[in-house]
């Protein structure tokens, strides 16, 4: 592919402008004879996870295609599954710009996007138009102006709307960019949320005559005790899977680099080791009682294999994909 040249041009632009431009072009070629420019053939390597059959174990992590605008394009590149979102009940513009920064020397990104999205109804319309043959995950969150105490209502609204169209639903309680959101990972707040989500899942299962698994996405910045408590809650509430991890607030690996002081969540290579360690600790705690989807800094075949060796059943990429391009999908799926 021509990605090194494309990347050079895109990296001259503001990161958010580069993202918009890329999505414009992907929408332009998808479903036309020009789709060959992005299509890659990858081997089928089926994986069974959460009761679903995945074509291969590599997925696109949430956050890149928040509104489900380019699902078919990412499918054409060879992803076994695509996770869209995070989406909220109502549209919201997110935090003030600039809010996305490349840490080029470290192959990392810092973002404080703040769940900018066009709302769950718009996402559902985009999903209905897509023809992706893989598993579609839909990642849901709460609106910024919804008080944390009422946050679970936002998740239940989104579940209602996405359930008929989702392969699985991801519950995002770990973004550092929505005030108070991470507090939902702890103690009674977590138990209350998970109980409500399982009740809603049961209700929707009966209504739609299909079972859509639910996975919870957690942060990397957790103490041993917090991780043990989260694992215990996930098991007690019969949650179907856990996605580990979201972005980190830790900056120790990027000290002195451009933009290192910017607020927001850090992803990419600087997150690689810490997210793998969370997966390893989580796997020891869970003992196979629910599967782990590993994400955080995967930028090579070896990084993907490390996540799986630590206990992940599936893996996802985002920042590594920005820095390495579609070839990374092929490299991982071919040899994982």
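Yeah, the Cβs are placed from backbone N, Cα and C, and that goes for glycine too.
Taken from Swiss-Prot, the feature FMN binding site applies to 62, 63, 64, 65, 66, 86, 139, 172, 217, 245, 268, 297, 318, 319, supported by sequence analysis. For residue 172 (substrate binding site), the number of other Cβ atoms no farther than 10 Å from its own Cβ, over all displayed protein chains, is 25. Residue 172 (substrate binding site) falls within a strand segment according to DSSP.
Residues or ranges marked as substrate binding site by Swiss-Prot: 66, 111, 112, 113, 114, 115, 172, 177, 246, 247.
Marked as active site, nucleophile by Swiss-Prot on the basis of sequence analysis: 175. Other C-beta atoms found within 10 angstroms of the C-beta of residue 175 (active site, nucleophile) number 25, with every protein chain shown included.
The recorded positions close to residue 246 (substrate binding site), defined as a CA atom within 10 A of its CA, are 175 out of 64, 66, 139, 175, 318. Of the candidate binding-site residues, 112, 114, 172, the one lying closest to residue 268 (FMN binding site) when CA atoms are compared is 112. Recorded residues residue 62 (FMN binding site) and residue 172 (substrate binding site) have their alpha carbons 10 Å apart, per Cα-Cα distance. The two recorded residues, residue 318 (FMN binding site) and residue 114 (substrate binding site), show a Cα separation of 17 Å. Neighbours of residue 139 (FMN binding site), defined as other CB atoms within 10 A of its CB across all chains, total 27. Taking every pair among 62, 63, 64, 65, 66, 86, 139, 172, 217, 245, 268, 297, 318, 319, the residues listed as contacting FMN, the largest Cα to Cα separation comes to 20 Å.
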